[in-house]
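Student: Mind having a look at this structure? Questions to follow.
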Amino acid sequence: MSGPSTYNPQNPALKWIEQRLPIGGLIHSSFIAYPTPRNLNYWWTFGAILSMMLAVQIITGVILAMHYTPHVDLAFKSVELIVRDVNYGWLLRYIHSNGASMFFIAVYIHMFRGLYYGSYKAPREILWILGVIIYLLMMATGFMGYVLPWGQMSFWGATVITNLFSAIPYVGDSIVTLLWGGYSVGNPTLNRFFSLHYLLPFVIAGVVVLHVWALHVAGQNNPAGVEAKTEKDTVPFTPYATIKDSFGMACFLLFFAWFIFYIPNYLGDPDNYIQANPAVTPAHIVPEWYYLPFYAILRSIPSKLGGVIAMFGAIVVLAFLPWLDGCKVRSSKYRPLAKQFFWIFVATCIGLGYLGAQPPEGIYVIAGRVLTVVYFAYFLIVLPVLSRIETTRPLPNSIADDVLAKSGKQPMVSAAIALAVAGSLMMGGMDSAKAADHGATPHSESWSFAGPFGKFDQAQLQRGLKVYKEVCSNCHSLNLVAFRNLADPGGPGYSAAQAAAFASEYKIKDGPNDAGDMFERPGRPADYFV
């Protein structure tokens, strides 16, 4: 699709390189002169956004791995040390943890766009299947990454999910033992997950290269679902698509930054700030929000093996979509019935996400089973039947005609509304589940914070430290907080001298001395709370 390169560098050094390694011509033909359908809307910017998020996750992940310790006795503390003691460690950790959610938000939008506009149909079947493989690798990478902080939800999530493989006949127990590295989740499990979590993003990057290659061979789909016929139907990738992609990435980064700086822990689980304890099971084990629809399908089937088959089948069925939908018209813009069923499917996925965050009891179980049937019916019954009976609307003669018709605005509005509802339902569902687990909703306190470059309410922080010292320290400990952290930016606002004076009030056991005895000394800023 990109065709032969017309790149001809004038610089002698670049010309010498181009004659021996024509990478400049490859970049020019693939990302500068590449013919792009002129009717692409902003939903097509999510490919670039996903590439950006993959790079962000790999870079921050490599840096975090330099400070992380994959050991059950040290993993939780190493994460706290990254946040508190590594320069900008808090920023790296929040970018990486929230980046996983942003990655999945972008990939779900990318997938629903492909479903709506029929991007899985010939000649793009391989392109779609590679996308499904990337999605599976992302799910595996995200799950193993969630285990690494070694909090309560990390440990029990690993226990529950890995135990699912025991339902596989004959080889299930052997697979579980291999994953665990023993007969229970422990240190070998953490080491395996850390190694794979580090490796898989580079595998994803490799499959992404194949995905882009397949895209350039088959050419991009477009909102009209018709192929480019003349030069009037296309524009060069640069500057037209480049500017649009850059704008989309900038807007997405603003959305991303809002989570990092204002609500960095909103998408996490408070139980994961409790160190893993095999003796205490959380009341309600909930996976990350991006797994909730499949978790709901898993729980809706009474049989363990049936639930595992249904959960994995809900993902694998996506790979067969090019053959399940036999309609020659790609875009749902010109398929009235398919459009209506598409939005029912979107609502089904949102409903499953909500139910996945609820306790598996009563009406939630019944609703989960109904929506599971609807989910599979969409792929196995609705799409094959519609491809035979649906009367489609007339297609435009060319992409240029579609541009002149100025069509395609309604799906943008509808999808934005659907995504807003999805986010509110899933987050609300998780909040209600957590509130049910932890009793009454805590009393609300006013709190001031003026943004990423502002200041916390230091008076309340200092009062909280005083309450801890007088009351809470009788039973609880801040043993992951050093006295010097009291003088950190964003903290209670103490000076280094005040932090040192506060530390000196504590007696720290040290030693042995020259006589081989342990002794007590006044605390220092580098010491930790006791």
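Counting starts with 1 at the first residue shown.
Cβ from N, Cα, C; glycine included.
Pulled these from TrEMBL:
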BINDING   Cys472, Cys475, His476  heme c binding site
DOMAIN    13-224  domain 'Cytochrome b/b6 N-terminal region profile'
DOMAIN    227-397  domain 'Cytochrome b/b6 C-terminal region profile'
DOMAIN    459-530  domain 'Cytochrome c'
TRANSMEM  42-69  transmembrane segment
TRANSMEM  90-111  transmembrane segment
TRANSMEM  126-148  transmembrane segment
TRANSMEM  160-183  transmembrane segment
TRANSMEM  195-215  transmembrane segment
TRANSMEM  246-263  transmembrane segment
TRANSMEM  305-324  transmembrane segment
TRANSMEM  336-357  transmembrane segment
TRANSMEM  363-386  transmembrane segment
Student: Setting Cys472, Cys475, His476 aside, what same-chain residues sit with their Cβ within 8 Å of the center of the Cβ atoms that define the heme c site, listed in sequence order?
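Tutor: Near the heme c site, beyond Cys472, Cys475, His476, sit Tyr468, Val471, Ser473, Asn474, Ser477.
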Student: Look up Cys472 (heme c binding site) in the DSSP assignment and report helix, strand or coil.
Tutor: helix
Student: Are there three or more C-beta pairs under 8 angstroms joining the transmembrane segment (305-324) and the transmembrane segment (363-386), sequence spacing 6 or more?
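Tutor: They are in contact.
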Student: Could you tell me what the rest of the chain brings near the transmembrane segment (305-324), counting residues at least six beyond its ends with Cβ under 8 Å?
Tutor: 111, 115, 120-122, 124-125, 128-129, 132, 135-136, 139, 164-165, 167-169, 293-295, 297-299, 372, 375-376, 379-380, 383-384
Student: Which residue counts does DSSP yield for the domain 'Cytochrome c' (459-530) in the helix, strand and coil classes, in that order?
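Tutor: For the domain 'Cytochrome c' (459-530), the helix, strand and coil counts are 29 helix, 10 strand, 33 coil.
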Student: Please give me the CB contact count at 10 A for Cys472 (heme c binding site), counting all chains in the structure.
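Tutor: Excluding its own Cβ, the number within 10 Å is 13.
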